[in-house]
Amino acid sequence: MCGIRAKKSGLGGYGAGLLAALLGVSFLSQHAQTAEHVTNAANNTTIQIMKSTLSLSEVCGKTKFQGKIYGGQIAGAERWPWQASLRLYGRHICGAVLIDKNWVLSAAHCFQRSQEPSDYHVMLGYTDLNSPTRYSRTMSVQKVIVHKDYNRFHTQGSDIVLLQLRSSVEYSSHILPACVPEENIKIPKEKACWASGWGYLREDVRIPLPNELYEAELIIMSNDQCKGFFPPPVPGSGRSYYIYDDMVCAADYDMSKSICAGDSGGPLVCLLEGSWYVVGLTSWSSTCEEPIVSPSVFARVSYFDKWIKDNKKSSSNSKPGESPHHPGSPENENPEGDNKNQGAVIKPTVCTALLLSQILLQQLI
């Protein structure tokens, strides 16, 4: 997202916002009877995967995490198993979210440099990008479907992209899809939801992107409330950012948490009736420096439910056939490079920067 931060830190925190790593590694109790043991030839270890007989509705959004943890902090290993890292030329540029065995959502603005599938990879099963585990997978992209109306009718409108993976993933406790909400879904007023990503922890000090996945609890607000932070565009004013029906806003009421550069395309998920739904994809925000003065803005996934279903159906004849890369394969060796190469991570490019009512708005990757 444009970088999840708490106080002076993205989803993480440099002060009281920084907490210890959460939750031990354990398998999904909901489907323990449907797990099978598989030997990973790369490191001769045995892991558990979900049997392929489970339907998407049975497995999506099911994790052991059901409660609340306060503040921005490092995310535990199995908390957000749909979280993905989008890689351009081997480097993290954006977040993404798994929604099916071979389908991933992200933000359209992450694909301004290239829309060639072979330029991208999707990393799943990671919390620390420098530390692959036996669950980690690096997937090739077969198809990039950018919404045809992206940025067409209003700034950052239809900021969504659908990626078809070249091969299907095997579900495990570390790799599971989030549920996609239907168009008519009702989210309770002031619902507490969670954003996650590997974006910058601070905008004012450009330290390297964090390797560890960070998370933050944000409160959904109505679009009418959100519009109060972003005045409507006036001809000649140079203002173009506004809140439309295809967007959803979320904020920490203390204004201490925000998305930041590198988080774009990552998920905003809400727990609804026992399952986690991806209600938003990180899109844009005001600058993530203190003080945080406005909500974070996400692409509203339910608005695009039909578009997602139609494109998945029309692409069903494209059969993925390439095996995923395992951490032990050459492509996965040292996926981020050692610490000496941290500076090689692509720095976010300011795609849009406007002064709006003394708020510097930016959409960053």
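A Cβ is built for glycine as well, from the same backbone N, Cα and C atoms used for every other residue.
Per Swiss-Prot, the feature active site, charge relay system maps to HIS109 (among others).
Annotation note: ASP159 (active site, charge relay system) sits in a coil segment as assigned by DSSP. Marked as active site, charge relay system by Swiss-Prot: ASP159 (among others).
What Swiss-Prot lists as active site, charge relay system is SER264 (among others). DSSP gives SER264 (active site, charge relay system) a coil state; it is part of no helix or strand.
The feature disulfide bond is assigned by Swiss-Prot to CYS94-CYS110 (among others). The secondary structure of CYS110 (disulfide bond), as reduced to three states from DSSP, is helical.
Remark: CYS193 (disulfide bond) has GLU217, LEU218, ILE219, ILE220, ALA250, LEU268, VAL269, CYS270, LEU271, VAL279, GLY280 as non-local neighbours, by Cβ distance under 8 Å and separation of at least 6 in sequence. Residues annotated as disulfide bond in Swiss-Prot: CYS193-CYS270 (among others).
All chains included, 21 other C-beta atoms sit within 10 angstroms of the C-beta of CYS226 (disulfide bond). For CYS226-CYS249 (among others), the entry in Swiss-Prot reads disulfide bond.
Here Swiss-Prot flags CYS260-CYS288 (among others) as disulfide bond. Other Cβ atoms within 10 Å of the Cβ of CYS260 (disulfide bond) number 32 in total over all chains.
Mean per-residue pLDDT, taken over the domain 'Peptidase S1' (69-313), amounts to 88. Summarising the annotation, Swiss-Prot assigns domain 'Peptidase S1' to 69-313.
The feature N-linked glycosylation site is assigned by Swiss-Prot to ASN44.
Look at Swiss-Prot and you will find 312-343 tagged as region 'Disordered'.
Look at Swiss-Prot and you will find 1-34 tagged as signal peptide, backed by sequence analysis.
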- Message: For the disulfide-bonded residues listed here (CYS94, CYS110, CYS249, CYS270), tell me which residue's CB has the most neighbouring CB atoms inside 10 Å.
- Response: CYS94
- Between HIS109, ASP159, SER264, which of the active-site residues has the fewest other CB atoms within 10 angstroms in the structure shown? HIS109
- Task: Select the closest residue to HIS109 (active site, charge relay system) from the following recorded positions, measuring between CA atoms: CYS94, ASP159, CYS226, CYS249, CYS260.
- Result: ASP159
- Task: List, in sequence order, those disulfide-bonded residues among CYS110, CYS226, CYS249, CYS260 whose Cα sits within 10 Å of the Cα of ASP159 (active site, charge relay system).
- Result: CYS110
